[in-house]
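Novice: Provided herewith is a single structure, encoded as structure tokens, for subsequent inquiry.
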């Protein structure tokens with residue numbers, strides 16, 4: 001089977017592994033052509049693209065960009081271009097979809113840095129230890145807010161500008177943006193204050209962008225998973241404490257359960273839904289410690 005020239009196109013950030021790869025595969029299975037963004041996981045992204053292209057030729061590409069550090073992030077593509085600003089790097093991701101397929105119908109803002117920044121721990125700049133592998137809380141702030149809030153804002157802006165510019169040619173096209181928020185905006189994990197702040201900003205962006213972009217028939221929604229496919233370095237004690245608080249099944253959400261909601265929000269069945277955030281957390285956000 002080959003990709004139809006009219007197949008809808010989805011840009012998924014952080015698509016190389018874990019939840020992002022599951023979302024990308026689910027969209028591909030629904031007939032989407034996918035642009036797989038990655039930061040450091042080049043091998044994983046290439047493997048996923050090869051798998052998807054084997055199923056349907058010319059249905060997946062990979063594009064690398066650092067969306068996390070506002071001040072120093074880099075960007076590389078095969079042509080060697082190096083846009084400097086975060087907005088230009090975000091625009092380049094959207095442009096890649098148009099260069100390859102002439103359209104971009106869906107944007108999934110999934111890329112995310114995630115680690116604790118305890119308020120009572122001294123960072124390196126205060127004579128204490130570093131925050132994760134970061135040298136200071138200032139760098140952590142640029143990283144966490146860059147990937148979780150600022151880059152999504154710029155990606156939405158670039159996406160919407162392209163829609164506005166091509167509206168006449170793409171008349172009748174349905175557009176959808178899905179922001180991957182977090183159930184922690186309702187009940188934070190201890191020590192993850194800065195991450196929670198950034199995800200709160202993303203949830204606010206979801207509502208504000210939905211209002212502003214409705215005139216272009218761009219729907220903007222959020223999905224708030226609980227802990228799903230976890231990073232390798234998350235302490236087991238944190239995972240166990242989380243699962244203990246989940247009313248439904250006392251477990252993490254699966255990648256497939258989260259991806260199913262993303263697919264729904266991108267589908268015609270959700271054509272009258274915008275500005276909402278759906279929790280996929282087994283009721284975690286309803287509980288208190």
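Using N, Cα and C of the backbone, Cβ positions are placed for all residues, glycine too.
Here Swiss-Prot flags 14-41, 195-199 as NADP(+) binding site, drawing on experimental evidence. Summarising the annotation, Swiss-Prot assigns substrate binding site to 176 and lists similarity to another entry as the type of evidence. Summarising the annotation, Swiss-Prot assigns active site, proton acceptor to 195 and lists sequence analysis as the type of evidence.
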Novice: Among the binding-site residues 19, 24, 34, 197, which residue has its Cβ surrounded by the fewest other Cβ atoms within 10 Å?
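Specialist: So among 19, 24, 34, 197, the binding-site residues given, the one with the fewest Cβ atoms within 10 Å is 197.
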Novice: Sort out the sequence-distant neighbours of residue 29 (NADP(+) binding site) for me: same chain, 6+ apart, CB within less than 8 Å of its CB, listed by position.
Specialist: none
Novice: Near the Cβ of residue 176 (substrate binding site), how many other Cβ atoms are there if near means within 10 Å?
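Specialist: For residue 176 (substrate binding site), the count of other Cβ atoms within 10 Å is 24.
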Novice: List the Cα distance (Å, whole number) between the residue listed as 'substrate binding site' and residue 19 (NADP(+) binding site).
Specialist: 19
Novice: If one measures from the C-alpha of the residue listed as 'active site, proton acceptor' to the C-alpha of residue 34 (NADP(+) binding site), what distance in angstrom results, rounded to a whole number?
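Specialist: Cα of the residue listed as 'active site, proton acceptor' to Cα of residue 34 (NADP(+) binding site) measures 28 Å after rounding.
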Novice: Within 10 Å of the Cβ of the residue listed as 'active site, proton acceptor', how many other Cβ atoms can be counted across all chains shown?
Specialist: 25
Novice: Could you tell me which of these binding-site residues, 14, 39, has the greatest number of Cβ atoms within 10 Å of its own Cβ?
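Specialist: That would be 14, with the most Cβ atoms nearby.
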